[in-house]
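Q: So that we are looking at the same thing, I have put the structure below in structure tokens.
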Amino acid sequence: MQWRSIVVGLVVLRVSLSCVLWLAFGLGPNVSWGFNFHLSFNLHKLDLLFREEKGADPRGSSWSRRIQGHRYEETESICGKVGEESHKRSYLSFFDGNKDEYVRRYSSFPDALRAKMKGMAKEMFYFGYDNYMKYAFPEDELNPIDCEGRGPDVLNPSNININDVLGNYSLTLIDTLDTLLVLGNVTEFQRAVKLVIDTVSFDKDSTVQVFEANIRILGSLISAHILLTDPKHPFGKVGFEGYDNELLHLAHDLAVRLLPAFENTSTGIPYPRVNLKTGVPPDSINETCTAGAGSLLVEFGILSRLIGDSTFEWVARRAVRALWNLRSNETGLLGNVVNIQTGQWVGKQSGLGAGMDSFYEYLLKSYILFGEKEDYRMFQAAYESIQNHLRRGRESCNEGEGDPPLYVNVNMFSGEIMNTWIDSLQAFFPGLQVLNGDVDNAICLHAFYYAIWKRFGALPERYNWQLQAPDVLFYPLRPELVESTYLLYQLFDEDNPLHKSDNKYIFTTEGHVVPIDKRFRDKQWNDLYPCKEGPLAEREPNTRPPLNNISNCNRIPEERRYTLPLKSIYMRQIDHMVGLF
């Protein structure tokens, strides 16, 4: 009987040791014992225990390691010896169970569910639109608490959260014009256009942000005009008798009122705000964000090419070039806040979110619309710098070992991580990767944001990926994740003219629809601001091999085209990474 006691003792000892290891390496959140370890603790220790390679490229290894710094290096040699003597095993094996759960949940989108969700989206839109028209029009927006209209805060000019956006020009009505057409409501579209023509004026004593007025008002007026006058009638016969390009005239009038922002700056980078009547306020600040100053080219460029006046595209393109020439010589990255007079970087954080996002977006979208090689050369160089300095995690999205890919905020000069949060604006980037053909990376990054959405029911304005918790708790209905989802999957309204017509469309950063039209690739002027800078000049073809983590549709194996876009093991890993289990 003694041997039985020995066996039982060994079994108990082994079970106890397993439990201790289970808790020690931070896997406790999946057990209902009340433990909740931070992400960096979990992945750091697992990476140490099961890592198979030493001396790997830091860009391809775990981004939790980059945070741990020297402490990681000190323990690596000890744990490395343990790994050599023990059976090598990937920590990803912990996420290898319950694959069928993900297959069942995500492998199909039934027609009935799609129709139901399409109906819900329409219902939500009309709930907002109808109540705005009933209780708020002609004010800029509806205050849902008081159920009345709201415009600029004239009593508090420093309230830029309100005054940057609201200019006393029926913002919501203008901003929804093209949405009415996408939803198929031609009658209401025509009525709304007539209301804009009859009631909207920009001759107002309102100080607004140039960026916001551009993407919300100018972009919507241009989009509605193009859709209204399209001879192909992709949305049906939406034109009406008596329309005489009034929306285009309004867009031109607004753009002229924004032009003073580009005057009297030493760099050509515009002031952030203008008064629609008087120009740049005398107390205007000299600091602006990269996205705000460098995301005007799509709307200004289309306007220039529609009316044959190069002024608007010229000033917008000059601002982009000025910002581009201020990038770091060491990393190729830009900062997020710049002084428009000195060209000095006030904010040295480089990332994909607030202050930076649409700058990158408009480099590529401008190239798609206008075909200017300069725009694509800048985008290619910027994308390479992003991949080299912002991207953390394993080399490939859908195979291999290590943490899932993640793009972090770094110092523009050194490339060192500055903080451990991301913001909801960064969720635009998977969509941009789709437009660039980098579908694999887009799938993986989108899955990360979707996992955060699943956990909280929305994207927090800021999410701390190390603490697995929001840093800023509100959600202002941002559309970035929605656009990325649409560009990746498009399964929501397959019969919409956006998909069925002969036209191809692209979204502005505010979500306004513009066609990829040959008219926009023709300009009626010579280049009034030729590129003289070396980095923008025509370069020899790049003979270097492409980065391994940049992929395209042709690299996706045939067998993967009919399975989940992301393997279950990696989907489960991402869900664990954000604290879903």
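Glycine is treated like the rest: Cβ placed from N, Cα and C.
TrEMBL feature annotations, pasted as is:
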- E212: active site, proton donor (ACT_SITE)
- D357: active site (ACT_SITE)
- E461: active site, proton donor (ACT_SITE)
- E480: active site (ACT_SITE)
Q: Taking the Cβ of E461 (active site, proton donor) as reference, which residues of that chain separated by at least 6 in sequence fall under 8 Å from it?
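A: Listed in sequence order, they are D423, S424, P470, V472, L473, F474, Y475, P476.
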Q: 10 Å Cβ neighbour count around E212 (active site, proton donor)?
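A: E212 (active site, proton donor) is surrounded by 19 other Cβ atoms within 10 Å.
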Q: How big is the gap, in Å, between the Cα of E212 (active site, proton donor) and that of E480 (active site), rounded to a whole number?
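A: Spelling it out, the Cα of E212 (active site, proton donor) and the Cα of E480 (active site) are 16 Å apart.
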Q: Validating a neighbour-count step here. Other CB atoms within 10 A of the CB of D357 (active site): how many?
A: 25
Q: Return the residues near E480 (active site), defined as same-chain residues 6+ apart in sequence whose C-beta is under 8 angstroms from its C-beta, sorted by sequence, else 'none'.
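A: For E480 (active site), the qualifying residues are D357, S424, L425, Q426, A427, F428, G431.
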